[in-house]
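Trainee: I am attaching a structure below and will ask some questions about it afterwards.
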Amino acid sequence: MTRMNIVRCRRRHKILENLEEENLGPSCSSTTSTTAATEALGTTTEDMRLKQQRSSSRATEHDIVDGNHHDDEHITMRRLRLVKNSRTRRRTTPDSSMDCYEENPPSQKTSINYSWISKKSSMTSLMLLLLFAFVQPCASIVEKRCGPIDIRNRPWDIKPQWSKLGDPNEKDLAGQRMVNCTVVEGSLTISFVLKHKTKAQEEMHRSLQPRYSQDEFITFPHLREITGTLLVFETEGLVDLRKIFPNLRVIGGRSLIQHYALIIYRNPDLEIGLDKLSVIRNGGVRIIDNRKLCYTKTIDWKHLITSSINDVVVDNAAEYAVTETGLMCPRGACEEDKGESKCHYLEEKNQEQGVERVQSCWSNTTCQKSCAYDRLLPTKEIGPGCDANGDRCHDQCVGGCERVNDATACHACKNVYHKGKCIEKCDAHLYLLLQRRCVTREQCLQLNPVLSNKTVPIKATAGLCSDKCPDGYQINPDDHRECRKCVGKCEIVCEINHVIDTFPKAQAIRLCNIIDGNLTIEIRGKQDSGMASELKDIFANIHTITGYLLVRQSSPFISLNMFRNLRRIEAKSLFRNLYAITVFENPNLKKLFDSTTDLTLDRGTVSIANNKMLCFKYIKQLMSKLNIPLDPIDQSEGTNGEKAICEDMAINVSITAVNADSVFFSWPSFNITDIDQRKFLGYELFFKEVPRIDENMTIEEDRSACVDSWQSVFKQYYETSNGEPTPDIFMDIGPRERIRPNTLYAYYVATQMVLHAGAKNGVSKIGFVRTSYYTPDPPTLALAQVDSDAIHITWEAPLQPNGDLTHYTIMWRENEVSPYEEAEKFCTDASTPANRQHTKDPKETIVADKPVDIPSSRTVAPTLLTMMGHEDQQKTCAATPGCCSCSAIEESSEQNKKKRPDPMSAIESSAFENKLLDEVLMPRDTMRVRRSIEDANRVSEELEKAENLGKAPKTLGGKKPLIHISKKKPSSSSTTSTPAPTIASMYALTRKPTTVPGTRIRLYEIYEPLPGSWAINVSALALDNSYVIRNLKHYTLYAISLSACQNMTVPGASCSISHRAGALKRTKHITDIDKVLNETIEWRFMNNSQQVNVTWDPPTEVNGGIFGYVVKLKSKVDGSIVMTRCVGAKRGYSTRNQGVLFQNLADGRYFVSVTATSVHGAGPEAESSDPIVVMTPGFFTVEIILGMLLVFLILMSIAGCIIYYYIQVRYGKKVKALSDFMQLNPEYCVDNKYNADDWELRQDDVVLGQQCGEGSFGKVYLGTGNNVVSLMGDRFGPCAIKINVDDPASTENLNYLMEANIMKNFKTNFIVKLYGVISTVQPAMVVMEMMDLGNLRDYLRSKREDEVFNETDCNFFDIIPRDKFHEWAAQICDGMAYLESLKFCHRDLAARNCMINRDETVKIGDFGMARDLFYHDYYKPSGKRMMPVRWMSPESLKDGKFDSKSDVWSFGVVLYEMVTLGAQPYIGLSNDEVLNYIGMARKVIKKPECCENYWYKVMKMCWRYSPRDRPTFLQLVHLLAAEASPEFRDLSFVLTDNQMILDDSEALDLDDIDDTDMNDQVVEVAPDVENVEVQSDSERRNTDSIPLKQFKTIPPINATTSHSTISIDETPMKAKQREGSLDEEYALMNHSGGPSDAEVRTYAGDGDYVERDVRENDVPTRRNTGASTSSYTGGGPYCLTNRGGSNERGAGFGEAVRLTDGVGSGHLNDDDYVEKEISSMDTRRSTGASSSSYGVPQTNWSGNRGATYYTSKAQQAATAAAAAAAALQQQQNGGRGDRLTQLPGTGHLQSTRGGQDGDYIETEPKNYRNNGSPSRNGNSRDIFNGRSAFGENEHLIEDNEHHPLV
């Protein structure tokens, strides 16, 4: 092995060791392929090298923003993680999901055979084998969890948490610089990372203590999910969150700060950059006061938030700091997105263009990615997300995935995580921890959670692992580590006496029913935050408050409907000693309690005030319901409903004209006919500048007693000369009001009048208008960085844009001489390359623009200087008593830049900051939100003022407004429409802007206004006002100019006057760019070897232009220059076609160098890669070499023939044997198509008859062969023809023909013979042996209808002789033994697939699912096919493994079908329950009724759970052959030619089979009621039916006896025993009556797979059809035979009699019965009445719902009297009459409570009409307005006057 290979191997080995030390994930103990491992190592090594290069590059160019670095680093990190996961292993956590050995234990490692390694093999092969044995990435995404993380004070300092999960295996993260968590279970906080505490300390230590840098912060490269809150607060030096959390996908929000899940607050240097974040599952977003943080409002936060708690509070603080920091947040596209499919887009309203689509950006280079599956339409619920290609992830994913359709590749789980996979819910034996993952009970109880620095007991109850109890449970007072189930409904009492001012506090009382104390709610937030909908559920459980209810300042509340269950306020304490309910200062409250709420107050009154949207009529409704008189002080009509539209008179205002500095309004005059006209003063027009159109703006916004943001103009009312009012009113605002161009104004009109009786006010809605454009000021041009092919220019926006600046026009042109002039004199003596100097540039200049004066005829908006000059004129204030001194103008210019703060916003911000500091300094609990919340009874001064009800300040209409002057420069326009300049010299521009890759600039079309010059329109959305002119020539002088233009689609728009800013600038040169590429230098000999022509390609990019080239010919020996040629790059000269010529060269070795000279100077020297060899030709010519190659090829051909002959001699026989085997096993050579062979028949060989059957995979027809002989020599006439019903090209059709292929290999007596295949027609036909009697299952079921058969007598062998039964079982076993000998697995052995011919011989058929097992012990199918679940073994159900032993299991099920005459296996169970019954519970079918122990032992042998414990078919044939006929022995495959003899050790012994549950129970003389075991109501099963054989109908006793009455046979019956096992719980599986009447099994095509039609008279009805006498009238004799009951002691109820002769079964909702329509004469199907109750006129019925018909009242009375006498005899049984328990086996349970029936529940109270109704099932037809339905909760007998005994 070479030294280089050794070095490479050692290097790879070192990489693996390093990866193992980093401990990123577990390893798997299986091998991987050579290619995969090599690629993984190669990729890792290459990525590490690239990463080092990038790091070195960033060290030198750290000031350049690299937008692609993050993606490259992420890809590298992901590849490293894959290799690390495949090599390393971490320790086991309580959740075993971290261990990859869960499914591949270490003891089962794949062994490697090294015997083939020869001694000559190098060490490389051995190392590769060892490498492949250990490198195997896990199939699932491994989860590594961390608890809550708090980084504080220093970037690397992780503080210990007070609140922990208490995981004993939790790892301490202190001191780590890189945390490898994938999930943080809790919140992650970065706070107070400040180098200096105060500004004085910062100034003092600025030079000694620089701020922290980005590289010092801890990184989380693998973190995908934070289950709590992400908080970044007061952190310096942190520039980009992308570098800290490069893969963060999901923020859970299970614990919130206030109601926010993402908080970024007061961070001076931060950029968000969380471009992978796709889901915020709960909570809102608050991002404020971050001075340099841009793009906060470009993200669609509402799209990320999936819950109704979606309050978003973000600002763009960088815009307010523009004059201080010089930073302006850019607008526009951040990534190129053709077709708008890659990025997400926001829709913003624009007055001129309507709705505008704006690209959502995280930064200037990264947009918010779009995924069609983040939300599921049309519900908009959370979706699974997308993978990297945009495809839909698995439904259990959230936030995206690595691979589609793979629940193990999710970034986060939608529901629950368990063992590396996302699942819907935990299994029954597991417990849900933290609402996200499953743990075992032992793992749960190991946890010791710490809440508030105190350990609390953990509990594992009802599938929940938590410190609190689940719903319906409460803490056990005797043991606080346990929960106990509540008796009835849990009543949770919460002792609170604090303010509910945050959403987490509200969540803490979600389960509370009784509030012990005062409930004060003060939740601030946006109305559209969705909190109101969440609070609706939070307060829904409260029904009692012991104190008072106070709702104040809660903006999310629209109504108080969330207290829908509030019934009582005890008011033990009163608010202000007066009020039990207080509601005030709720700005959005529109309604009070729901009209259905039945609320009572024990004492106190109600106070409702200052709710501006609450109409007074709702207050009156509430007071009327509470029976409390209205009080004008407590329920003030004047302070409620001020902003609501309760009663109003609207004024419709129209705009008649709009100019740049004026707006004209008009409206109809106000109707004053019904008021005192002398009191009407006039109209006042209010207006103010607004940033945007806000449909929700109100008149009261931005107003106080001192400062009013609205300006106003008053117009006095005058009557006309005739005394009539003016029909229309006209007003305008103009230069005197300092109206500015292109400014949006809000306005409204209000009337002014003196208060008097009957006065009415008029007010208009708020409208919006934007003034017109005016010529903008010119921009100011500045120069920035210059590069070799680009010039970065910057400029300042016009001081007065006077319109929406849509774009800037940038023009540039070359100002350079042609290089061809210099090329003419390049090779002259005076211009040698050595003496050439660099070209000198003309002086670079900047042309200053002159300010443009606005014509004096127009009044413009005042500038800052003019406003300061008129300061004295502004010092005025409204004459309002108590008004504060006006300070709006006295404030400094810096303060004037900021908007006057809203008092309520200040209160909300203060509350948020207090809560934030509490959370940071006192971290909350991880397990849950604390129920004991700290007292928050603070009341601010603002709230104290608000609580002074009836003293709300009012604004006088005559007050003069103050004008707030903004001293900021106007911001650029946000318009994105394409301009069309009006300057004649400019060309038309394109309509749709594009985006420059890697920049923030949105561009329009580049055009060339003049020859040699270019221009481009740059969108004004680029708020940094800069542009990089790219694709410039290197080292070239350019002239640049700039102008600003407005939106040309708007009338009056224009560009700035032609005084454009200008500059001259030369681009930089590029070192070595003038070099000729070495590989392009070529040479060739000319006429002889002494003449060489050298050619090359010129440089593609040069520094300004090429003047010429210098070509040198050097000696290869000493490097001396032999010849030099100089050539100028003149016009028409070609270096490739012409080049230079060297002549008269001597023999030797030379190389060529070429030097290009550009405008900048001589470039580097380029040398040819191939040397020039000049020599005289020798012996080895081309002809000689070709002849030698020909001889070599001949010798190689001879050697190949020898090798071929040797292989044929040595290995020919083995290849032949393998070929023969593959012919016998065609499935090894399946090529997905059927090939016709000798079995092929012609279509006219058979005649197709009528259809005789249909199965899951096709139809069967009768056929007749036309004297045809099959390939096996069978001449056949009648035959069966199978035809597939699917598409001929489908996969099922191929499987159908493959079945025929399989049958070609079989030739035995007990397998259906194949006669041939007709594949030339569509659909194809398979011709088989005719089996006249059909399949075994249907044949057995047909025997049930035989009159000889009586199930109650167990006369099974009277129907099928015992020897015939043995014969059939032996024939099936012999056929399966034949398949077993051929290594074939049938996979679908069932009675339906066993066919019977006319001499009652059973043969095995239907090989559609058969598979070959020659090389494997079992067969595991792939794809999706129908499977016979009820005939499958446990290993087949769970693992999909099939072999001969699984067929043995199916044979046991076939025996069950035989002894039950074709009964459905596992009757009463669904397919999922069958899987649980067999695979999980490991149970088998209980012994059928009338089944002999011998056969049940054989069944149990076949149903052994372990496959190796089951017998083989060979053993079963020898066992059954002892009782079989001699004919069978003559035809048996096992007992004839093959002589497959068993050893003594292989013989079966039935005595070893357990006899449990096989012996018949002892029959008692009479049923004993006391022996019937009593069950609790919760343990009863309503599906417990009675076997049919226990009933026998007898003829009527006399003419008056009800035909519905049934009695017990004279034979004493066995008392039903209490079922105690899972087998006996499924009682329907124990009877031999066959399948239920309507068993629903939906799976595939026939009765065993899908729902089928059923026959009548099959199984008994449901047990609860009977009713006792005392169940209805308290022990009286009435209701003798209602609901199918009997009036005879000892007689049962109509359990076995069908409802109306098969019309309906009387069963509800269970799979055992089918609901069918019944005739109008029938009562409801659940009555269970006998068939004789119907079919007679509907007259003189004694009772409803199936009562027996009586011909007269006397007959009914006589029968009732007899029943009453029988009832008296039952008094010792608790007063019960004809009880259901008189019949053992009915499932009725006696009640321990005296006088009550255990089968029924009292639902009706006692009233004047009856004594109550314990029946739960309804009443007569006349209930429910005469409809035919019966009432579920009504009385059984309603009409008392018709009672015969009343």
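Using the three backbone atoms N, Cα and C, a Cβ is placed for every residue, glycine included.
OK, Swiss-Prot features for this one:
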ACT_SITE  Asp1388  active site, proton acceptor
DISULFID  Cys371-Cys386  disulfide bond
DISULFID  Cys393-Cys401  disulfide bond
DISULFID  Cys397-Cys410  disulfide bond
DISULFID  Cys413-Cys422  disulfide bond
DISULFID  Cys426-Cys438  disulfide bond
DISULFID  Cys469-Cys483  disulfide bond
DISULFID  Cys486-Cys490  disulfide bond
DISULFID  Cys615-Cys646  disulfide bond
CARBOHYD  Asn113  N-linked glycosylation site
CARBOHYD  Asn180  N-linked glycosylation site
CARBOHYD  Asn364  N-linked glycosylation site
CARBOHYD  Asn453  N-linked glycosylation site
CARBOHYD  Asn518  N-linked glycosylation site
CARBOHYD  Asn652  N-linked glycosylation site
CARBOHYD  Asn671  N-linked glycosylation site
CARBOHYD  Asn696  N-linked glycosylation site
CARBOHYD  Asn1017  N-linked glycosylation site
CARBOHYD  Asn1047  N-linked glycosylation site
CARBOHYD  Asn1078  N-linked glycosylation site
CARBOHYD  Asn1087  N-linked glycosylation site
REGION    944-980  region 'Disordered'
REGION    1718-1742  region 'Disordered'
REGION    1769-1826  region 'Disordered'
TOPO_DOM  1205-1846  topological domain 'Cytoplasmic'
Trainee: Rounded to a whole number, how many Å is the Cα of Cys393 (disulfide bond) away from the Cα of Cys386 (disulfide bond)?
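Mentor: That separation, Cα to Cα, works out to 5 Å.
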Trainee: Quick one: give me the count of other CB atoms within 10 A of the CB of Asn1087 (N-linked glycosylation site).
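Mentor: Neighbour count, Cβ to Cβ under the 10 Å cut-off: 7.
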Trainee: Here the disulfide-bonded residues are Cys371, Cys483, Cys615; which one has the lowest number of other Cβ atoms no more than 10 Å from its Cβ?
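Mentor: Counting other Cβ atoms within 10 Å of each of the disulfide-bonded residues Cys371, Cys483, Cys615 gives the minimum at Cys615.
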Trainee: Looking only at C-alpha atoms, tell me how far Cys615 (disulfide bond) is from Asn696 (N-linked glycosylation site), rounded to the nearest Å.
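Mentor: With the alpha carbons as reference points, the distance is 18 Å.
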Trainee: Between the Cα atoms of Cys371 (disulfide bond) and Asp1388 (active site, proton acceptor), what distance do you get, rounded to the nearest Å?
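Mentor: A Cα-Cα distance of 45 Å.
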Trainee: So, in DSSP terms, is Asn1078 (N-linked glycosylation site) helix, strand, or coil?
Mentor: helix
Trainee: Out of Asn364, Cys422, Cys426, Cys483, Asn696, give those recorded positions positioned within 10 angstroms of Cys397 (disulfide bond), comparing C-alpha atoms, in sequence order.
Mentor: Cys422
Trainee: Quick one: pull the CA-CA distance for Asn518 (N-linked glycosylation site) versus Asn652 (N-linked glycosylation site), whole Å only.
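Mentor: Distance (Cα to Cα, whole Å): 47 Å.
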Trainee: Near the Cβ of Asp1388 (active site, proton acceptor), how many other Cβ atoms are there if near means within 10 Å?
Mentor: 23
Trainee: Hey, how far is Asp1388 (active site, proton acceptor) from Cys422 (disulfide bond), Cα to Cα, in Å?
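Mentor: The separation of the Cα atoms works out to 33 Å.
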Trainee: Per-residue pLDDT averaged over the topological domain 'Cytoplasmic' (1205-1846) comes to what?
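Mentor: Averaged over the topological domain 'Cytoplasmic' (1205-1846), per-residue pLDDT gives 62.
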Trainee: Please name which of the recorded positions listed here, Cys386, Cys422, Cys483, Asn696, is nearest in space to Asn671 (N-linked glycosylation site), Cα against Cα.
Mentor: Asn696
Trainee: Cα within 10 Å of Cys422 (disulfide bond) is the criterion; apply it to the recorded positions Asn364, Cys386, Cys410, Asn652, Asn1017, Asn1047 and give the hits in sequence order.
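Mentor: Cα within 10 Å of Cys422 (disulfide bond): Cys410.
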Trainee: Are there any residues in the same chain, six or more apart in sequence, whose C-beta is under 8 angstroms from the C-beta of Cys469 (disulfide bond), and if so which?
Mentor: Lys459, Thr461, Ile475, Cys483
Trainee: Could you check the glycosylation sites Asn652, Asn1047, Asn1078 and say which one's CB has the fewest neighbouring CB atoms inside 10 Å?
Mentor: Asn652
Trainee: Which one is it, among the recorded positions Cys438, Asn696, Asn1078, that lies nearest to Cys410 (disulfide bond) by Cα separation?
Mentor: Cys438
Trainee: Compare the Cα of Asn1017 (N-linked glycosylation site) against each of the recorded positions Asn364, Cys438, Cys486, Asn696 and report the nearest.
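Mentor: Checked the recorded positions Asn364, Cys438, Cys486, Asn696; minimum Cα distance to Asn1017 (N-linked glycosylation site) goes to Asn364.
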Trainee: Can you tell me how far the Cα of Cys438 (disulfide bond) sits from the Cα of Cys413 (disulfide bond), in Å?
Mentor: 12
